[in-house]
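Asks: First the structure, which I've put down as structure tokens, then a few questions once you've had a look.
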Amino acid sequence: MNTSNHEELEEIQNCDNDDIENAELEEPEGQSGFGSHLLGLNRKTYEQVGVDTPGNTPITKEPGIGWMTAFLFVTYFVGLAILVPLRKLMIIDYKLSYPSGTATAVLINGFHAPKGDEMAKFYFDFSMTYVGAGMICSHLVNLSLLFGAVLSWGIMWPLIRGLKGQWFPESLPESSMKSLNGYRVFISIALILGDGLYNFAKILLFTATNIHATMERRSKKSHNQGPDDLKRNQVFVRESIPMWLALSGYILLAAISIIAIPFIFPEVKWYYVVVAYILAPTLSFCNAYGAGLTDMNMAYNYGKVALFVLSALGGKRHGVVAGLVGCGVIKSLVSTSSDLMQDFKTGHLTFTSPRSMLVGQAIGTAIGCVVAPLTFFLFYKAFDVGNPDGEYKAPYAIIYRNMAILGVEGFSALPHHCLHLCCGFFAFSVAANLVRDFNPKNIGRWIPLPMAMAVPFVVGGYFAIDMCVGSLIVYAWHILKTKEATLMLPAIASGLICGDGLWILPSSILALFKVRPPICMRFLERA
């Protein structure tokens, strides 16, 4: 699970910018939901949303170490088995970059490199994660991110904001799902699902109709690979995980979860959990595919899909609880499967057995399922979490409960023309993939990736600029010194990413003791 206590802490603190949830808290770590969907079940959040609010049922559940630990165990472990059969397709056939996994592999390989240690030295700052990711991702991915940022934050959101009072009520804050945030979330979901479902359907069709031709084509391609790549692929395939083991493991763990979750939450019927596990494989593939391209784990977005679906299925009586729990189930599954693919990428580059990576991830997941609730309760008992006038306001608990209420009321409660825009962007996502597949050498090479475009719609455009800076560094360095760039760029990018990750622990300690940065920089408009 790799849950980051630092990100959980920020999630329950007051956040002035709604994008923090998407950019910081909901990335590969911090998916437990202690500051969002699980905390949204307690009575304090129910009262803050409004006792008389339509759809806000009085059913609540206070946080507890026991049920939270059990919930994490029965949900996170299912995600370890869900995409194991597709690991070869994602890592070897699609050659997805998985920048975080690649950075970890480069760092590990650097410890054991027989030569080139002096050239691999690099002094890096602790706040350059996205620049490093941009140096690993392709130019097309980075430019697609920038295009999505310009289209959304430069054109669409200002235009929609100007229609306040016509398309949505002026009295609502922009963070409301019935306001501007509704457009942000649902349009990004439409783009992501369009791209992910297209590729998922293409893989099923391709596998069913062209198995023999595919094997011949892969055999021919293997002759053009370097010796290191061939050896990596051989190790990765040789130490395989049997298909029957992955499928039976998923079915067994899902069955345990289907039985256990209704015991933890009596309002959640067993068939709601079945629906969640039917959605899980497709959503997990979409997220892992997107993470391989952009290094952004969008599990929170897929959790919102389940939240709305299960809230609608649960009806007015149990819809809120069913939606919040379903959100947690899908977020856990989708996040864990994406993290496992990152680990498989690391294992592929370091000649490590996939079986060892799977066992290591399982051990880490078990530790996280125990440590994460205990860490949360340190803050929950020591501070007044959820108090709107306190330090730990936990704003996302209210947001997620409101989203569940919205799902109970139906999609007709969304702002005007939101569904029309979603259908349009879903169609664009499918059309863009069709053009890229049928005309890859001419028009297709200039078509942006819908999956990458969708990320800035919710997160914001700032990180797209950072990643394009990384892409510009790669482009310029290859023009000036191609050979040096080939050797140095992976080390530099890995240093930028890993350096920021290593800073999380001291940053968490400083945040715990309320130590503030000595310098605060702010840019103001000229008078």
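Quick reminder: no glycine exception, Cβ is built from N, Cα and C everywhere.
Here TrEMBL flags 65-86, 140-160, 180-201, 241-264, 270-290, 358-380, 414-435, 447-477, 489-513 as transmembrane segment.
Looking at the shown structure, can you explain where the listed features end up?
Replies: Residues of the same chain lying 6 or more positions beyond the ends of the transmembrane segment (241-264) and with a Cβ under 8 Å from any Cβ of it are 67, 70-71, 74-75, 77-78, 80-82, 84-85, 87, 270, 273-274, 277, 325, 329, 354-355, 358.
Beyond its flanks by at least six residues, the transmembrane segment (414-435) meets 166-168, 177-180, 182-183, 186-187, 189-195, 198-199, 202, 406, 443-444, 447-450 of its own chain at Cβ-Cβ distances under 8 Å.
Here the transmembrane segment (447-477) has long-range neighbours at 19, 22-23, 128, 130-137, 139-154, 184-185, 187-189, 191-192, 194-196, 286, 289-290, 293-294, 296, 298, 301, 428-429, 432-433, 435-436, 484-485, 488-489, 493, meaning same-chain residues at least 6 beyond its ends whose C-beta is under 8 angstroms from one of its own.
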Asks: Spell out yes or no: are there three or more C-beta pairs under 8 angstroms between the transmembrane segment (270-290) and the transmembrane segment (180-201), with each pair 6 or more apart in sequence?
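Replies: Yes, these stretches are in contact.
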Asks: Of the stretches 140-160, 180-201, 358-380, which racks up the most C-beta pairs under 8 Å with the transmembrane segment (65-86)?
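Replies: The stretch I would name here is 358-380.
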